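Chemist: One structure coming up, written as structure tokens, with questions to follow.
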Amino acid sequence: MVQAWFMKENWSGDQREEHHMQPPEFVDLDTLFKLTLVEHFKVNESDPINDELLNSIKKERGYSYEDEIICSKECLPNYESKLKMFFEEHLHTDEEIRLVLEGSGYFDVRDGVNDKWIRIKVEPGDLLIIPKGIYHRFTLDTNNFIKAKRFFVGEPVWTPHNRPADNMDCRKEYLNQISC
């Protein structure tokens, strides 16, 4: 079961730790969607490729390209620099879609109302759809391993736009959507 919570402000230390507020302030999936427009789906972790929900989402949204990524010290070239790059606050001009196949990690997203970080822990079977224009970042947790499928409409677009990118059309569209 996916978990999400508001992160402690001005935390220090390892980015791969939970960084809960004291006391912890959890966010349910409905509230997560209302504050961020991030969507979460649970698919069959033992057979995700044949999962009806996943295949329906792929068809409905036009995801025509997919690949896999493994993030670990052993499998990811330039591991330390890549992890730092993934953790830079940024946005994309397209949705970011990830299905966790093995391992675990965190997606941090900015709440569209108060600009606070919400940390989302993802595990096998979690499908996360991060809308275009939202500031976000990714990091592994202390297990240092995740294997995920990435889905795209057409050819992959990898360009992260680091904050500030408030003048980009996708950011303006996102802010308009979240205010409704």
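Cβ from N, Cα, C; glycine included.
Heads up, here are the entries from TrEMBL:
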{"type": "BINDING", "residues": "His90, His92, Glu96, His136", "note": "Ni(2+) binding site"}
{"type": "BINDING", "residues": "His90, His92, Glu96, His136", "note": "Fe(2+) binding site"}
Chemist: In the same chain, outside His90, His92, Glu96, His136, whose C-beta lies within 8 angstroms of the Cβ mean position for the Fe(2+) site?
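Modeler: The answer, listed by sequence position, is Leu91, Ile130, Ile134, Tyr135, Arg137, Pro160.
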Chemist: Fewest other C-beta atoms within 10 angstroms of its own C-beta: which of the binding-site residues His92, His136 fits that?
Modeler: His92
Chemist: For His90 (Ni(2+) binding site), which residues of its chain lie six or more apart in sequence with Cβ-Cβ distance below 8 Å?
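Modeler: Spatial neighbours, sequence-distant, of His90 (Ni(2+) binding site): Tyr135, His136, Arg137, Pro160, His161, Asn162, Arg163, Ala165.
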